[in-house]
Amino acid sequence: MGFGDLKTPAGLQVLNDYLADKSYIEGYVPSQADVAVFEAVSGPPPADLCHALRWYNHIKSYEKEKASLPGVKKSLGKYGPSSVEDTTGSGAADAKDDDDIDLFGSDDEEESEEAKKLREERLAQYESKKAKKPAVVAKSSILLDVKPWDDETDMTKLEECVRSIQADGLVWGSSKLVPVGYGIKKLQIQCVVEDDKVGTDMLEEQITAFEDYVQSMDVAAFNKI
């Protein structure tokens with residue numbers, strides 16, 4: 001398992017593809033798995049890697065809380081696609097790994113059991129929370145105006161970046177380009193959110209993080225369903 005070398009474009013592409021249908025490296029909440037991979041990435045992925053950049057900006061917002069995130073941090077080779085081998089940090093990192101060898105045995109098995117138990121507990125909590133939810137879930141329909149920098153902005157790519165944002169309780173709907181003047185068009189896109197899971201502040205933070213394409217975001221309409 002792994003992402004290849006996360007300090008290279010090829011490794012970041014693997015990460016981007018892996019996150020195309022995921023919000024986090026593992027599970028439904030930020031965890032030490034995200035911290036481990038985040039720390040292996042040397043900086044923000046390029047704007048054309050929408051999924052990786054969206055994930056990077058989101059995990060970066062947990063900088064102060066990363067030590068308290070759930071889970072047990074493992075080596076990079078424990079995460080990612082099973083068909084890819086981790087090669088991040090070869091050389092000096094390999095020497096460090098040699099220094100960390102435990103000549104009197106290993107507690108990897110114990111850590112694995114602990115991680116497994118933690119995952120099972122989180123899954124049980126998640127299922128319990130789902131079971132206790134009321135039959136009627138409060139939802140809202142939101143119409144967003146996403147404005148580009150100028151008339152040369154690739155609006156197809158901008159929309160792709162916006163739709164790459166995924167979250168539990170968020171469903172993207174129809175969209176269209178609306179002229180605003182001087183040859184510039186804004187993206188007007190509909191979404192339905194579960195009120196207790198997704199807010200406009202979260203949407204604005206993640207959409208404007210694609211700063212190579214997005215100048216600003218406004219809520220054009222907000223209706224309770």
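Cβ atoms here come from the backbone N, Cα and C positions, even for glycine.
Per Swiss-Prot, the phosphoserine annotation among the candidates SER68, SER75, SER90, SER106 falls on SER106. Just one residue in THR88, THR200, THR208 has phosphothreonine written against it in Swiss-Prot, and it is THR88. In summary, of the candidate residues SER61, SER83, SER164, the record from Swiss-Prot lists phosphoserine for SER83, whereas the others have no such entry there. For LYS7 (N6-acetyllysine), the Cβ neighbour count at a 10 Å cut-off comes to 15, with all displayed protein chains included. Comparing the Cα of SER83 (phosphoserine) with the Cα of every entry in LYS7, SER42, LYS147, SER174, these being the recorded positions, the smallest distance points to LYS7. In the three-state DSSP scheme, SER83 (phosphoserine) is classed as coil. It is 29 Å from the Cα atom of LYS147 (SUMO2 cross-link) to that of SER42 (phosphoserine).
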